[in-house]
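Enquirer: Features from TrEMBL:
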type: BINDING; residues: Y27, Y76, D176, A177, D178; note: FAD binding site
type: DOMAIN; residues: 77-200; note: domain 'Cryptochrome/DNA photolyase FAD-binding'
Amino acid sequence: MSGVFEPTRAAGLARMHAFVPHSGRAYAEGRNSDLGPGRPSAVSQLSPWLRFRLLSEQEVCAAVLEKHSLAAAEKYVQEVLWRTYWKGWLEMRPGIWTRFVEERDVQRERLRNVRALEQAEQGRTGIEGFDDWARELVETGYLHNHARMWFASIWIFTLRLPWALGADFFLRHLIDADAASNTLSWRWVAGLQTAGKTYLATADNIARYTGGRFAPKGLAEIAEPLTEAPVPAATPLGEAGSARGAPALLLVTSDDMHPDEALLREADIRGTCIAADRALLWGDKAGAFVADAARDMAAALGETGKAPVKRIDALNAGAIVQASREAGVKRVVTPYAPVGPVATRLADIAKALEGEGIELVQVRRDWDETFWPHARKGFFPFKQHMGRLLEDMGLTRT
C-alpha cells in the first residue's frame, strides 16, 4: 500500500490536523486545481479515511469549524457534506443502486473484448490528460475530484462509452470507492442525476486547472444528457436500532471502521469482531487498505483489554454466530451500513442469525440521523439546512 494513504486512524488524524489550517480561503481558492501526483494540492485527500469512517464527517467538520467560521470554511464543509448528501439520497432510493448494477452487468457483456473500452481503461486513447488520469488511477488508487469529473465527461461524451462501465472502472481502482458517491457523481455528469443537466469537460478548463499540463484536442463540444426510466420518489428512511439492550458482540465492517463511544455509549459490549471482507470491495487497493486498517484496529483494541477482539476475513453468518457464542451473547450490534454490498450482505446475515436466536442491530450515527432526511431532493435545498443543523450539533463557532 502506498505511503500516501497509510491505512490507520492515526495517519488520518495527522493528515486532518495538518489540513485544518488550510481549510478556509486556501482551500476555496485552490480546490479546483490538480497539478498532478506528488505536487502541492489545496485539497485534503482525506477521502480514503472518510470512506471507511476511520475518520467521521462529524469529527472532520468539528476540527475545521473549531479553527474557522462556517463562512470562511463553507466550501470545504460543503465538500464533506456532498458525501453525506449522496449517502442519504441513495438510502432513500436504493433501487438506483440496483439499476446501476444491472446496467453495468449488461454493458460488461455487450462490450466484452471491445477495443475502445480496453484503450480507455489502459490509458491508450491518445487523449491528453485522460490517458494520464487512467494510469494515475490504476497506479495510485486516487484522483483529484476535478480530474474525476473531466475523466467521466470525456468517457461519456467524447469516447461514447457506457457511463456504468466508467463508474465500474472507478469502483475497481479507487481506494475510496463508494457506492453512493461514485455512482451518483457519474450519474450527475451524464445528466441522469439532475435530469437534463450534464457536465462538459473543455480543453480550456482542463488547461487552466492543471497548470497547463494538459490541453486535450478533439473533445466533445456538446454533452447531450442521457435518459433513463424516471427516478423513483424518495422513500422514508428505515428505522435504525439502538445500542442499548442486552450484552452484545460489536461487529465492525468496512463501512464504519471506527465506531466511537458516542455511537456505542449505551451498549454493553462483550466482544468485538472485525470483518475485513475484501470480496465486498471492488478493487485490490481498497481491499489492502481495509485489511491493513482492520489489523491496526484489532491491535489497538486488543491493547485496551476491555473485551476480546477477533478479526475475520469474510463477513458471513457462520463466523458471526461463532464469535457471538465465544462472547456469550445473543445480540450483535453494528454501525449502520448504507446502500451497497455490505448492507446487502448484512440483510442476508440477519435472517441467518435470527434462525440461531441471535439479533442483529444496526445503529445509525447522529450525523446521518441529522442530515440524511434532508437529502430528498437536490443538493441546493439540502445545503440550505447546513448552518442550522451544524449549529444544532454544536459544531459552529459563535
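Every residue, even glycine, has its Cβ placed from backbone N, Cα and C.
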Enquirer: Using a 10 Å cut-off on Cβ-Cβ distances across all protein chains shown, tell me which of the binding-site residues (Y27, Y76) has the largest neighbour count.
Expert: Y76
Enquirer: Could you tell me the maximum Cα-Cα distance in Å between the residues recorded as binding FAD, namely Y27, Y76, D176, A177, D178, rounded to a whole number?
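Expert: Greatest Cα-Cα span of the listed binding residues: 23 Å.
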Enquirer: Which numbers of helix, strand and coil residues does DSSP report for the domain 'Cryptochrome/DNA photolyase FAD-binding' (77-200)?
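Expert: Counting residues per DSSP class in the domain 'Cryptochrome/DNA photolyase FAD-binding' (77-200), I get 87 helix, 0 strand, 37 coil.
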Enquirer: So how many other Cβ atoms are close to D176 (FAD binding site), meaning within 10 Å of its Cβ?
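Expert: Cβ-Cβ neighbours of D176 (FAD binding site) within 10 Å number 23.
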Enquirer: What is the number of other Cβ atoms found within 10 Å of the Cβ of D178 (FAD binding site)?
Expert: 25
Enquirer: Check each residue in the chain of A177 (FAD binding site) that is at least six apart in sequence and keep those whose C-beta is under 8 Å from its C-beta; list them in sequence order.
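Expert: Counting only residues 6 or more apart in sequence, the Cβ neighbours of A177 (FAD binding site) under 8 Å are R51, F170, L171, L281, W282, G283, A286.
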Enquirer: According to DSSP, folded down to helix, strand and coil, what is Y27 (FAD binding site)?
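Expert: Looking at the DSSP assignment, Y27 (FAD binding site) belongs to a helix.
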